[in-house]
Amino acid sequence: MTDSLIRIAVAGSGGRMGRQLIQAVQQAPGVVLGAAISRPGSSLIGTDAGELAGVGALGVTVSDSLEKVVDDFDILIDFTRPESTLAYLAFCVEHKKAMVIGTTGFDDAGKDAIRAAGQQIGIVFAANFSVGVNLVLKLLEKAAQVMGDYTDIEIIEAHHRHKVDAPSGTALAMGEAIAGALGRDLKECAVYAREGYTGERDPKSIGFATVRAGDIVGEHTAMFADIGERVEITHKASSRMTFASGAVRAASWLHNHDKGLFDMRDVLNLDQL
């Protein structure tokens, strides 16, 4: 631990989220952009990362590999794709670099790899880095404890047309929060699609519905529906900056933890509520 600035590397720096992350690093106290990574062969290699993100020249050029910038960063923030994240993870374990992982769509093997890596380096792994979403997850646990056993539970999520995984990682996290509060296994009670003659609804199921359209940043609603009333808990994001700022906040928090697997509940100390 040091009083100097925390050096952040941003993976996928040429993407929508990567540029937002660079902006968030520039706006946050106590951190500085140390490196920016893009895929090999990208036309952005060699570009100034600050100019790419619209914050002015920073003197940090986009690189095509972590090996080339290994001495330039302390923590990697990665919102890319599972296969890229796992490759970065192996590198960070080898070189004792901490990671903030916002990538979604991992299979069980990928999640196991992240858990194992948390025994050697510090990792914050979350489906959503928005402070509001993580507060919603806490509220859902409370709602499930009060209403979950006698209501029908449905989760509806909407994202932009370019999102490649469904349901979203946040929707699944909402389902896990609810199922955990009710002592259920989400793998056993989740219903991801309904078509044709489905029969009556299983009262113990948790349903998911997905929308992909336009430029929706992210909207999630959990519904607890009874006869005569229903409670809906909704979060709507209007800018990716909320996720980027949360990820940088997580990186600042993680700098004080040498190893361990954490999520935003830890960063925000939500378990104390």
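Cβ from N, Cα, C; glycine included.
Note that the structure is predicted; figures quoted are calculated from it, not measured.
Quick look at what Swiss-Prot lists:
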type     : residues                                                                                         : note
BINDING  : Gly12, Ser13, Gly14, Gly15, Arg16, Met17, Gly102, Thr103, Thr104, Ala126, Ala127, Asn128, Phe129 : NAD(+) binding site
BINDING  : Arg39                                                                                            : NADP(+) binding site
ACT_SITE : His159                                                                                           : active site, proton donor/acceptor
BINDING  : His160, Gly169, Thr170                                                                           : (S)-2,3,4,5-tetrahydrodipicolinate binding site
ACT_SITE : Lys163                                                                                           : active site, proton donor
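On the structure: features taken from Swiss-Prot.
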| residue | record | Cβ within 10 Å |
| --- | --- | --- |
| Gly12 | NAD(+) binding site | 24 |
| Gly14 | NAD(+) binding site | 20 |
| Arg39 | NADP(+) binding site | 17 |
| Gly102 | NAD(+) binding site | 26 |
| Thr104 | NAD(+) binding site | 22 |
| Ala127 | NAD(+) binding site | 22 |
| Phe129 | NAD(+) binding site | 27 |
| His160 | (S)-2,3,4,5-tetrahydrodipicolinate binding site | 13 |
| Gly169 | (S)-2,3,4,5-tetrahydrodipicolinate binding site | 17 |
| Thr170 | (S)-2,3,4,5-tetrahydrodipicolinate binding site | 27 |
Spatial separation of Arg16 (NAD(+) binding site) from Lys163 (active site, proton donor) - C-alpha basis, Å: 12
Densest Cβ neighbourhood among Arg16, Lys163 (recorded positions), 10 Å radius: Lys163
Length of the line joining the Cα atoms of Arg16 (NAD(+) binding site) and Arg39 (NADP(+) binding site), in Å: 14
Thr170 ((S)-2,3,4,5-tetrahydrodipicolinate binding site) - helix vs strand vs coil (DSSP): helix
Inter-residue Cα distance where the pair is Thr170 ((S)-2,3,4,5-tetrahydrodipicolinate binding site) and Gly14 (NAD(+) binding site), in Å: 23
Cα distance (Å, whole number) from Phe129 (NAD(+) binding site) to His160 ((S)-2,3,4,5-tetrahydrodipicolinate binding site): 18
Mapped DSSP class for Arg16 (NAD(+) binding site), helix or strand or coil: helix
Euclidean distance between Cα atoms of the residue listed as 'active site, proton donor/acceptor' and Phe129 (NAD(+) binding site), Å: 16
Secondary structure at Gly102 (NAD(+) binding site), reduced by DSSP to three states: coil
By Cα-Cα distance, the member of recorded positions Arg39, Thr104, His159 nearest Thr170 ((S)-2,3,4,5-tetrahydrodipicolinate binding site): Thr104
When distances run from the Cα of Gly169 ((S)-2,3,4,5-tetrahydrodipicolinate binding site) to each of the recorded positions Gly12, Ala127, His159, the nearest one: Ala127
